[in-house]
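Colleague: Supplied in structure tokens, the structure appears directly below.
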């Protein structure tokens, strides 16, 4: 049963109805975006009549446009560089020249080297490829050559991978082998005999020679020329001394008074080195006029060796006295026959100028050093490269073999003198010898018990070949010391310098004084 709804009392007015809320208006969405203006276009002003408001205006500035253009150019250069490195360019210089000639470009430019010429060809091919002309030019050139030179292509010369030598070189190699093998055998037998003989003690003898080397003193100083001196050499019996200078003149001096006995005139440029023959009374000179000359000691010219393409640096005689080695700035060193004056060997291998050359005491090996920071050892009997001496970080200016047959010393612009062992093909010791570049290096010629170095720090120095400790510093020059030499008995050392003086260092007087004191 439903409960009845209570009734309002009589006389009460009825209640007014509740007000209804108005409907909520929808939220308006974001206005549609206007299309972005083009980068190069400037938005124009458009005024609307009803609203009275203007749309947004965008304008590209000149800086922004220049930056965009620089960016596009950089991207294009990067793409061209990538295409250039991906493009096949000949590595042989003759092929590069041929390709340039086919494209109608200059084969070479003034002062242009091989790598620069190759880079120029690569840039040219990239440019032609971008212009769409490379294929057309190459196709036309190939068609012309194919029509006109079919027979030439069939008869193209196939070059061997080695340089064919002459019969004179073959005879020289046989002669060097016959000369070196008995000397090597005698040297090894002597070393074994000294090692096995209880009466001989090499250590005591070496210490005695080193102690005598401590007594080297300046015995004589003489003005050698009006221009700086570049080279010096003792004769085989140390009775004569020869010097070379920037004046182009070679002077021969009598020893020990250092009296001038002859002046050799014949070079048209400065003389760079001089060397006496180990078996005869003749000497050889090198010059910046691209020639080497052979002289008698009285000043008469015997022979001139012509063939180098650039100035000469150092030279050296073969121990047999039959051959002469010359080093040149044309990146080669050459071997000459003294008797005929013919060029026997043109040896390449250095990537930069060759500065020094030296021969093994047996005559079997030759060493060359140059401005590429390497020294190379060559087998004269076979013509093969025996090995490379790598360790210097600057040009190598001097090389010398030890009389023991297995040590080599090199001097460099890095101020270091390095000792190499030919038996192990490794560097044995590194001597921080001087404060400036080392201009020359040489072992004592009898047993190699000590080593002498000259330097541009105005000094020469002596080093023990046993432990490579300093023995004596020869101080006396006022300018760069350019060269030195040691007499055959090891009792005298000569140094020449840019101060134009010749200085003779001797230990004979001190040893004679010691002998008198003992008596």
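Cβ atoms here come from the backbone N, Cα and C positions, even for glycine.
Keep in mind that what you see is a predicted model, and the values were worked out from it rather than measured.
Here's the feature list from TrEMBL:
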- 11-38: compositional bias 'Pro residues' (COMPBIAS)
- 61-70: compositional bias 'Basic and acidic residues' (COMPBIAS)
- 91-144: domain 'Pre-mRNA processing factor 4 (PRP4)-like' (DOMAIN)
- 1-70: region 'Disordered' (REGION)
- 222-263: repeat 'WD' (REPEAT)
- 264-296: repeat 'WD' (REPEAT)
- 305-346: repeat 'WD' (REPEAT)
- 347-384: repeat 'WD' (REPEAT)
- 389-430: repeat 'WD' (REPEAT)
- 431-473: repeat 'WD' (REPEAT)
- 474-515: repeat 'WD' (REPEAT)
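How buried are these features, and what lies next to them?
Modeller: Residues belonging to the domain 'Pre-mRNA processing factor 4 (PRP4)-like' (91-144) score a mean pLDDT of 77 in the model.
Residues 227, 230-236, 240, 242-252, 302-306, 308-317, 319-321, 324, 326, 328, 336, 338, 341, 483 of the same chain lie 6+ residues outside the repeat 'WD' (264-296) yet bring a C-beta within less than 8 angstroms of a C-beta in it.
Below 8 angstroms of C-beta separation, residues 163, 165-166, 168-169, 172, 175-176, 179, 183, 231, 269, 272-273, 275-280, 284-294, 352-363, 366, 368, 370, 380, 383, 398 of the same chain, each at least six residues beyond the ends of the repeat 'WD' (305-346), sit close to that stretch.
Here the repeat 'WD' (347-384) has, by DSSP, the following mix of helix, strand and coil residues: 0 helix, 19 strand, 19 coil.
With helix defined as DSSP H, G or I and strand as E or B, the repeat 'WD' (389-430) counts 0 helix, 25 strand, 17 coil.
With DSSP classes pooled into helix, strand and coil, the tally for the repeat 'WD' (431-473) is 0 helix, 24 strand, 19 coil.
If you look at the repeat 'WD' (474-515), the same-chain residues 6 or more away from its ends with a CB under 8 A from one of its CBs are 209, 212-213, 215-234, 236-238, 241, 243, 245, 253, 255-256, 258, 273, 436, 439-440, 442, 444-446, 452-462.
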Colleague: Which residues, given as numbers and ranges, are at least 6 beyond the ends of the repeat 'WD' (431-473) yet have a Cβ under 8 Å from it?
Modeller: 203, 205-207, 209-210, 213-214, 216, 394, 397-404, 407, 409-419, 479-490, 493, 495, 497, 505
Colleague: Tally the residues of the compositional bias 'Basic and acidic residues' (61-70) by DSSP class, grouping H, G and I as helix, E and B as strand, and everything else as coil.
Modeller: 9 helix, 0 strand, 1 coil
Colleague: Could you give me the DSSP helix, strand and coil counts for the repeat 'WD' (264-296)?
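Modeller: Secondary-structure composition of the repeat 'WD' (264-296): 0 helix, 19 strand, 14 coil.
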